[in-house]
Amino acid sequence: MKKTSTRLADGRELVYYDLRDDTVRDAVDRRPLERTVTTSEVRRDPLLGDSAPSRLAPQGRTYHPPADQCPLCPSGRGTAERDPAYDVVVFENRFPSLAGDSGRCEVVCFTSDHDASFADLSEEQARLVVDAWTDRTSELSHLPSVEQVFCFENRGAEIGVTLGHPHGQIYAYPFTTPRTALMLRSLAAHKDATGGGNLFDSVLEEELAGERVVLEGEHWAAFVAYGAHWPYEVHLYPKRRVPDLLGLDEAARTEFPKVYLELLRRFDRIFGEGEPPTPYIAAWHQAPFGQLEFEGVTRDDFALHLNFSLPPYVRQAEVPRGLRIRHERVHQRDVPPERAAERLREVADVHERE
C-alpha cells in the first residue's frame, strides 16, 4: 500500500491509498473553493449521561446529485478527487458534525467506480480498505481531542444516505460512544463476577457452539447474536481477541476480505434475484483510546468487532413488521435470530456450501 497525503483547494486533508507503490499523486486542486469554517459542540444529557454532537453551521450537504455531478467521483465532474481514477481515498468531511476540539469526521471512498458497491470489490481492493481504516484509526487516535474512532458504512437511501457513490465515514469522537460504554460496563461486571473472566470470550465461545453461526473462517466468525436487536443483525469477530484494527495480524487481515465480501453478497441475495441492493448499516466497534471509566477493565479486554444490521423498515414483505421500537426503546423482533441465521446460510454462494 502506498499512502499520499495532500490538500484540497479549501485546505482540507485528502489521503490516497494506492495498491501500486509506483503510483504518483501530484495533481493540484485549483477549484475556486472557499475555505469552510465549521464549528461543532458536544452536549451531555444530564439525565441519560450520554453525549451528542451538533454542527453549528447552516446545512449545505449535497443531496442525491445526478451521477455526472457526484462529488466523490474522479476528476472531470467538479469533484474532490482530481485524478482520473483512484483505489481508495479519504478526506475531511466538508460538513462535519465533529470538528476542532470536538473531534473529526472523514469520508472514505472505497472505489472510483460510481456504480459499484463494497460487495463488488475484489479481495485485493477490500484489503486496501481495511488497511486504510487501520491507518486512519492510528492517525486519528493521536489527535488530542479524540477518544474513540468509529469506522462505518451506511448504504441505501432508506438509511438516509445522500450520495450513491460507494463510501463510508469515520467519526473520531471526543468521548466514548454510549454503546461502547454499555459494553465496557458489562465487561467490568462479568470480570468482577467471574474473578477475571472475559465476557467477549465467553460470548464468542457460546455463539460458535450454537445454531446462529452464519459464516466462519480460520480467523473470523460471523453470527446472528442471541440478543440481536434488529431482524437481521450479524456480528463479525476475529477469533483472536484484539482491541482495535491495529491489533489484527497479517493472517486475519488477509482472510477478512473473503469473509466480509461473502457476507455482504449474502445480504444482497436474501430477498431473491433481481431485487435492488439491500440497504444496511455496518460499523466497527473499537476500544476507546482514552482512559476507561470502569475499574478493572483495560483496552486489551475489549474485543474488536463489526456490527452489521438490516434496518427493520427495509423490504417489509420479507420482514413483516420487522421490528417494533416502543417509546421506552424496548426492541421487539418478529424474526427470531435463529431464523435470520438460517436464511443467511441458505443464500451462501454455491462454492461456500461445498
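Placed from the backbone N, Cα and C atoms, the Cβ positions cover glycine too.
Keep in mind that what you see is a predicted model, and the values were worked out from it rather than measured.
Listed by Swiss-Prot as binding Zn(2+) are Cys70, Cys73, His165; the candidate from His114, His190, His219 that the record includes in that site is His114. Packing around Asn154 (UDP-alpha-D-glucose binding site) is summarised by its Cβ count: 18 other Cβ atoms lie within 10 angstroms of its Cβ, all protein chains included. When the C-alpha distances from Asn154 (UDP-alpha-D-glucose binding site) to the recorded positions Cys70, Cys73, His114, His165, His167 are tabulated, the minimum falls on His167. DSSP assigns Cys73 (Zn(2+) binding site) to coil, not to a helix or a strand.
The two recorded residues, Cys70 (Zn(2+) binding site) and His167 (active site, tele-UMP-histidine intermediate), show a Cα separation of 12 Å.
Fewest Cβ neighbours within 10 Å among the recorded positions His114, His165, His167: that distinction goes to His114. In this structure the C-alpha atoms belonging to His114 (Zn(2+) binding site) and His167 (active site, tele-UMP-histidine intermediate) are separated by 10 Å.
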